[in-house]
Structure formats: structure tokens, C-alpha cells
Amino acid sequence: MIDKPESSTWKSLIEEEQNLTAIIYFVATDEYDVIDEGTGECKIEMSRSKLKEIVCSGVINEKTRIVVFLNRKDLFQERMKDPNGFEAFKQRFPEYRGGPDEVEGLDFLRDWFKSVTDRRINVHYTSAFDNERYMKV
């Protein structure tokens with residue numbers, strides 16, 4: 001298990017694991033305008049870039065399942081309902097044409113993350129306390 005994909009060791013750890021069956025990747029959906037203090041980059045864009053790097057690195061084989069949890073949907077919903085939060089979302093994603101609806105926004109993020117590769121990516125919407133959802137996956 002690799003807890004921090006930004007770690008420089010993820011690639012070597014994956015290469016060492018011969019029987020890797022799945023990559024499980026969590027994204028904080030409400031951090032679409034949060035800037036990482038260390039890099040100065042937007043956290044959700046960093047998450048997408050790292051997912052692309054992992055999936056397209058050639059390190060994982062075609063049989064490895066890729067599961068993305070768009071997490072903290074409850075906080076995302078609150079931010080989308082807030083006019084300032086929705087405006088920040090539209091500024092981050094000018095191509096977004098939907099309204100301040102949680103489902104529309106999450107569907108947009110799902111498609112945005114899935115667009116990093118032609119490989120199948122299973123995406124689930126969760127909140128931090130949605131333990132039943134995690135158990136089903």
C-alpha cells in the first residue's frame with residue numbers, strides 16, 4: 001500500500017509488487033481551488049497529474065484495476081451551493097457548463113479524471129464517513 005502518491009518512491013514500490021491487482025486513488029473533490037503550499041499548484045490538478053503519471057507510466061500492467069474515489073462529496077456539495085464556492089469552481093474549470101449542482105459537478109470531475117487515459121477507470125463518489133460504500137468496492 002502506498003499512502004502518498006506524491007512520494008518519489010511510488011514507482012519503485014509498484015515495480016517491486018508483482019501481483020498488484022488494483023490502484024485505489026482518493027481525491028478531495030472540495031479542493032478545486034486549494035493551493036498546495038509546497039508547490040504553489042492547485043491540489044485537484046496535482047491529483048489529476050499524479051493519477052495520469054501513475055496510469056501512463058508503463059509500470060502497472062493492463063490487468064491492474066484503477067479505482068478513483070472522488071471523496072468528500074459532502075463538502076463539495078456545500079461548496080457548490082455557496083455562490084463563492086461555485087464561482088471558484090467555474091474559474092478553475094471554465095469548460096464546465098453545468099449549474100451549482102453536486103451531481104453535475106461530480107460527473108464533470110469524473111469525466112475530467114477519466115480523460116487522463118483510455119484505460120477503464122472505476123470512479124465512486126464518497127464522503128469521508130461513507131464506510132459502507134468503501135466496503136462494497
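Every residue gets a Cβ built from N, Cα and C, even glycine.
Cβ environment of Asp74 (GTP binding site): Ser127, Ala128 lie under 8 Å away, each six or more residues apart in the same chain. Marked as GTP binding site by TrEMBL: Asn71, Arg72, Lys73, Asp74, Ala128.
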Arg72 (GTP binding site), number of other Cβ atoms within 10 Å: 22
Greatest inter-residue Cα distance in Å for the GTP-binding set Asn71, Arg72, Lys73, Asp74, Ala128: 8
Under 8 Å by Cβ from Lys73 (GTP binding site), counting only residues of that chain that are 6 or more apart: Thr29, Glu102, Leu106, Tyr125, Thr126, Ser127
